[in-house]
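Listed in Swiss-Prot for this protein:
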BINDING   Glu299, Glu350, Glu576, Pro577, Ser578  glycine binding site
BINDING   Arg331, Asn332, Glu333, Arg342, Val343, Glu457, Ile458, Arg583  ATP binding site
DOMAIN    63-119  domain 'WHEP-TRS'
MOD_RES   Ser35  phosphoserine
MOD_RES   Lys204  N6-acetyllysine
MOD_RES   Tyr453  phosphotyrosine
MOD_RES   Lys501  N6-acetyllysine
MOD_RES   Ser700  phosphoserine
MOD_RES   Thr736  phosphothreonine
TRANSIT   1-36  transit peptide
Amino acid sequence: MPSPRPVLLRGARAALLLLLPPRLLARPSLLLRRSLSAASCPPISLPAAASRSSMDGAGAEEVLAPLRLAVRQQGDLVRKLKEDKAPQVDVDKAVAELKARKRVLEAKELALQPKDDIVDRAKMEDTLKRRFFYDQAFAIYGGVSGLYDFGPVGCALKNNIIQTWRQHFIQEEQILEIDCTMLTPEPVLKTSGHVDKFADFMVKDVKNGECFRADHLLKAHLQKLMSDKKCSVEKKSEMESVLAQLDNYGQQELADLFVNYNVKSPITGNDLSPPVSFNLMFKTFIGPGGNMPGYLRPETAQGIFLNFKRLLEFNQGKLPFAAAQIGNSFRNEISPRSGLIRVREFTMAEIEHFVDPSEKDHPKFQNVADLHLYLYSAKAQVSGQSARKMRLGDAVEQGVINNTVLGYFIGRIYLYLTKVGISPDKLRFRQHMENEMAHYACDCWDAESKTSYGWIEIVGCADRSCYDLSCHARATKVPLVAEKPLKEPKTVNVVQFEPSKGAIGKAYKKDAKLVMEYLAICDECYITEMEMLLNEKGEFTIETEGKTFQLTKDMINVKRFQKTLYVEEVVPNVIEPSFGLGRIMYTVFEHTFHVREGDEQRTFFSFPAVVAPFKCSVLPLSQNQEFMPFVKELSEALTRHGVSHKVDDSSGSIGRRYARTDEIGVAFGVTIDFDTVNKTPHTATLRDRDSMRQIRAEISELPSIVQDLANGNITWADVEARYPLFEGQETGKKETIEE
């Protein structure tokens, strides 16, 4: 994860904009103030109709039209600057302005959504905490931010989401699953780019040690200064220029800015330390000597890349194939927040699909080609357009999605997310713009879900090209390639160094191996160039691993010959779907949380049966001992059928117990009543959580019915069509033995 990087503070910004009066929302320039000379467009204004209340489609579009126009104009300017090869500083300013206008547009879109489309987060989080879905870890010691423990219900839900993922991807696609260590030696992550690029600048309160992310703090401080009425136009312009380039500043430049603008701790007002680079990985040392630095892995992908040769061999040397891994990853976030959305330890599920770069076609693409889903292309984003619902096949044909392999996985991701409970209407696939792309990706689409925090990334689907395999092959001198049979043999001219092991060994002793490894990987152009130097001067120099070696004619020759090839080596490209399971869980919580009509106190989660923590409850109508043999019989039968269930034989009305099981998302409820005891064959009622409708069936049939419902083999409508609806008991307590 994907490795997935979060969409920062969108929800907070949206909430902030919701609190602002319409007159301020109507002038985003007052919020952003980015007059960037050649890198900005004229200020925009909104109709007076802008308000916090929801409005119909036509009214909303009237409000959004000027914002869309502003984004489109800025996008055109960015393209023109790039075409004209303008100075990079001007391009960066224009891109920063484009991002700012996009944020205003998106915030306004969220503000105009219907009120009934917004979940009551406070009520939902109260339910989650009260029923121990999850809670802050180490709570009795005061807790640690960004770390969470899952309770019985949350753990069951998480396991079911993972098991559904395994069935949907690993079993369906015959993916090779592996389980790699979480401890990773430093050279691996140095090669992958994480050691150098997986970092943010951080400042500390010099008195209490509280940490802040430097760029976020500087931005908030400058925006506060700019909002002061006493701030001059010249000073505002200067600060706007700083904000526009905020992502491009180095450590010393940030330090100078903190001094120039007298930035203090926003909590205490204390002085701050100079910015320091803070790597987001948890560093440790492997072994007692402390000589082998390592990290807790920031993603699960690297373990798959390092085992590529073994996996290729397991697959009989054939491409394409895919490998997957599910496990915990770690990121030492400076200021984690927003519950499960931004945490320090999280579960990922990642797939690495290895494919011949010249054959990026998926044989099963037609299985998903007719899916219609919301796509938000990079082109649409810079044009100020919204996500557009498209047929997946059309998106590939029109070049919106680059190839059918990427398209196939986008379709499969969509089917999985909707299967586990995410609303299709609150799900979109957004393409990364060029300046957003991770260091390893050449194309990337994020599955984003709409939540009370705004749009958040829950799955990344990246085309990593051959970045990782190439990097690890260079670092280890181990070729991470696949062999592709040629249709016809071909003869090629080969030019290679022919070193004298004895002469080189005598001259360079222990370093001889370095020299030999270097000479073995040189290409034809380099060899020809060195041959000329060898003929002219009798020697040439090479440099490897920071050391320089001089080679003479008695140490090396150049050999030329012809070779017939029957196979060619290819470095596979990688398509990587990366799932953040915690974020998926949180989205499922929001998209399935409901309040019963007419009763604000009765809340429930409408989890799909396939992922519900318990598939059904077993509820005796009362504590009458006549019911207990049937409860035991039914519970044992459900266990034999592999159906997770919860017996609730506590005191309290049956309605109250229904409400308790609904609150934790139990999909169905079996009730043992007096008709169960008094009539033969013995029957019981089966209740559907969402509709609250009930049918009556024989006890012997109920385990199979619930099993089929939980596995998705039948629907509740199928059950109602087959069995009579339950209207009420026909017998009562008086016909049974008194309690």
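Every residue number used here counts from 1 along the chain in the order it is shown.
Positions of Cβ are set from backbone N, Cα and C atoms, glycine also.
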Conformational class of Glu576 (glycine binding site) under the three-state DSSP mapping: strand
Cα-Cα distance linking Glu576 (glycine binding site) and Tyr453 (phosphotyrosine), given in Å to the nearest integer: 26
Max pairwise CA distance, angstrom, over record-listed ATP binders Arg331, Asn332, Glu333, Arg342, Val343, Glu457, Ile458, Arg583: 19
Position of peak Cβ density within 10 Å, selected from the recorded positions Arg342, Lys501, Arg583: Arg583
Tertiary neighbours of Val343 (ATP binding site) (same chain, Cβ under 8 Å, six or more apart): Gly146, Leu147, Tyr148, Glu333, Pro336, Gly582
Shortest C-alpha distance to Pro577 (glycine binding site) - which of the binding-site residues Asn332, Arg342, Glu457: Glu457
DSSP-assigned states of the domain 'WHEP-TRS' (63-119) in counts, ordered helix, strand, coil: 48 helix, 0 strand, 9 coil
Where Glu457 (ATP binding site) falls in three-state DSSP terms: strand
Length of the line joining the Cα atoms of Asn332 (ATP binding site) and Lys501 (N6-acetyllysine), in Å: 48
Arg331 (ATP binding site) versus recorded positions Lys204, Glu299, Glu350, Ser578 - nearest by Cα: Glu299
From recorded positions Lys204, Ile458, Lys501, Arg583, the one whose Cα lies nearest Glu576 (glycine binding site): Ile458
